[in-house]
Structure formats: structure tokens, C-alpha cells
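Per Swiss-Prot, the features are as follows:
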{"type": "BINDING", "residues": "H21, H33, H35", "note": "Zn(2+) binding site"}
{"type": "ACT_SITE", "residues": "C29", "note": "active site, proton acceptor"}
{"type": "ACT_SITE", "residues": "H73", "note": "active site, charge relay system"}
{"type": "ACT_SITE", "residues": "E149", "note": "active site, charge relay system"}
Amino acid sequence: MVMMKIVINGIHANLRFSAAHMIPEHESCGCIHGHSYIVDVKVEGKRSGKHGFVADFKDVKDIVRRICSEFDHKLLIPLRNPLINFTSTTRTVKFEIAGKKYSIPEEDCCLMDLESSSAEELSRYFAATLFKELSSKYDISSVEVCVNEGIGQGAIYTISR
């Protein structure tokens, strides 16, 4: 059976979100700053089902848009980062990084079960979620996601069987 790929260009398919984050102890990214992220996706697999799709574009975009909406206009906070000391996560997210104390309303935050909010970790999260959800419906062999922090600058993660 021949493998095929479908490709979704995030800038044209409107797969984007705007969010703030920080990379603790990084020289220039250690302060809260934001990006207008764009998410590109490639799905590889065997054509299957009634319509002979690798995966329905709509299904792929729906999953990506759901994740984008969770992140959009939020401060992305990785809960498993050892450099972040959390003192509270009830209604107000309180944490400390390198002596700097933060107190942010919970509704303005996206608490993520990740070690970092870097483009690399975000691309891994998108790819893993897509792979898991699409595998239950389609005969896919790999998912590649590029999370761009802006045009021309992104991180790619590929997950495969």
C-alpha cells in the first residue's frame, strides 16, 4: 500500500494563536513576552475509509483549532518546569522564578503538563495529541507539526509508529 501525506499550511488555514510565555533563566526569553503562533501540520498514512482519505482535513483542523483556542490569549505556564516554584494554583496562579514573584488570575493562564512552553515542547504537544486522536479513526503512520513563533521561525516535531 502506498503512503501519502496531507499538508495543512497554518497561515492559510488560520491555525494560529497568540500567547505569552517565558523561558526561565534564558537571557532574552526569561521575561514574559508573546508570540503570534502559526501551526503547520503534515499527516502521513494509508488512504482508507469510504472516501480514501489519509485523514479528513476538517478533522485535523478541528483538533488543532481546539488546542489553539485553549492557548489563545493566555500566559502559557509549564507545570513540570523545575525552575518554577508554584505556591498556589487556585483562582490566582502564584509562582516564583529566580526571585521574581508572579500572581496572575487563573483565567488568564493556561497551565500545561509540560516542562517548557518553548516552540519545541508546543510542537511535541500538538503532534502527540493529533497522533493519538487521529490514530483512532485513520490508518496514519506519522504526524509532523511545526509551531512557528512568527513567520520563518519555528520548531518541528514528528511522531510516528
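We count from 1, first residue shown onward.
Using N, Cα and C of the backbone, Cβ positions are placed for all residues, glycine too.
Keep in mind it's a predicted model, so treat the numbers as computed, not measured.
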#### Entry: Residue with minimal Cβ packing [other Cβ atoms within 10 Å] among the recorded positions H21, H35, H73
H73
### Query
Three states by DSSP: which one describes H33 (Zn(2+) binding site)?
strand
## Note on the structure
Checking the recorded positions C29, H33, E149 for other Cβ atoms within 10 Å of each Cβ, the smallest tally belongs to H33
### Message
For H73 (active site, charge relay system), which of the three DSSP-derived states applies: helix, strand, or coil?
### Response
coil
### Task
Compute the C-alpha separation of H35 (Zn(2+) binding site) from E149 (active site, charge relay system), stating it in Å without decimals.
6
### Query
Around the Zn(2+) site recorded as H21, H33, H35, what other same-chain residues have a C-beta within 8 angstroms of the site's C-beta center?
A19, A20, M22, C29, I32, G34, L76, S117, E149
### Query
How many whole Å apart are the CA atoms of E149 (active site, charge relay system) and H21 (Zn(2+) binding site)?
11
### Task
Do me a favour and check the Cα-Cα span between H73 (active site, charge relay system) and H33 (Zn(2+) binding site); whole Å is fine.
12
